[in-house]
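**Student:** Got a structure for you, written out below as structure tokens; questions coming shortly.
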């Protein structure tokens, strides 16, 4: 058990180097810093809004706007496609983490605060925070019981509200950020929309709290814990599989060589000679490594949970599980495979 947790901690350190160490060595972080200092968005003549909150947070928000601008401006299809692919996995993994936070043994632990981890992932990187959360989850697990046996009946109502709170708290700010600026320029700018989106975990938490208060009268009604958990799991799996299938389908069927070349190769994070040619290229490598390490870690955690429940698996069962994971990764990506495994073994 401890070995899996230590391995996940190593992946968190690897994520830190793949994101920031590699970004420093290939010049991406320097490009971001220069763009922020010049108060100009990369590749455009549009000035960077430097006074959004009037506090020290403006420097952080300014750098985040610089990063996300090429993702959203529509001029870099490979980068936008990777972001779309990643977006579904982000929703799926945080739905799963929220469900896990309602496990009875974790109610008074650090894992009870998924909003904190989600905000840290926004500021640091998913490749750093998700492996860290997975390691803490393994250390704090008091029993191998499936989650449907560990969740109280009252908590099942809260779990049932997680998909709705994600749609409202994550979906609405995301739509506002993705819409062309011409559709809302009289209300707010694209840069403001990017800044507002950054704290989506807080919106999700507020929506979830509000819905729980609103539907408090229904808490006494009977609800199947398994039904609530599987509903949340099904929502997470759909969020993972659709962007995965669409992004890879477009890459493999439309066959624009420049787009396919952007999506397929993985630049080695340890290489010190490769240099980014633009903010878009650096952002693509950033998202690729963030996606790979973050979601790969989550899959390893899900497999650990599966093996913990099935403590007497035979060699053939282990081979079958490995084959199943491979097929699921092809169909839905590593995050979708993790969600499926957890749902299948009633971990949700």
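Placed from the backbone N, Cα and C atoms, the Cβ positions cover glycine too.
Residues or ranges marked as N-linked glycosylation site by Swiss-Prot: 51. The annotation transmembrane segment is assigned in Swiss-Prot to 2-22, 77-97, 116-136, 161-181, 191-211, 235-255, 283-303, 323-343 on the grounds of sequence analysis.
Set these features in their place in the structure for me.
**Tutor:** Packing around residue 51 (N-linked glycosylation site) is summarised by its Cβ count: 8 other Cβ atoms lie within 10 angstroms of its Cβ, all protein chains included.
Beyond its flanks by at least six residues, the transmembrane segment (2-22) meets 28-29, 125, 127-129, 131-132, 134-136, 138-139, 267, 269-271, 285-286, 289-290, 293-294, 296-297, 300-301, 304 of its own chain at Cβ-Cβ distances under 8 Å.
Same-chain residues lying 6 or more positions outside the transmembrane segment (77-97) and placing a CB less than 8 Å from one of its CB atoms are 70-71, 114, 117-118, 126, 130, 133, 162-163, 166, 170, 174, 201, 204, 232-233, 235-237, 239-244, 246-248, 250-251, 256, 258-259, 261-263, 280, 283-284, 287-288, 290-291, 294-295, 298, 333-336, 338-339, 342, 348.
Sequence-distant contacts of the transmembrane segment (161-181) (same chain, at least 6 residues past either end, Cβ-Cβ under 8 Å): 68, 72, 87, 91, 94-95, 98-99, 188-190, 193-194, 196-197, 200-201, 203-208, 211-212, 215, 231-232, 235.
Through the fold, the transmembrane segment (235-255) approaches residues 81-82, 84-89, 91-93, 95-96, 162-163, 166, 263-264, 331-333, 335-336, 339-340, 343 of its own chain, all at least 6 residues removed from its boundaries and within a Cβ separation under 8 Å.
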**Student:** What stretch in 191-211, 283-303, 323-343 has the biggest tally of Cβ pairs under 8 Å against the transmembrane segment (116-136)?
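**Tutor:** So the stretch in question is 283-303.
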**Student:** Residue list, the transmembrane segment (191-211) vs rest of chain: Cβ under 8 Å, 6 or more residues beyond ends.
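**Tutor:** Residues 48-49, 52, 61, 64-65, 68-69, 72, 94, 98, 114-115, 118-119, 122, 158, 161-162, 164-166, 168-170, 172-174, 176-177, 179, 184 contact the transmembrane segment (191-211) from elsewhere in the chain.
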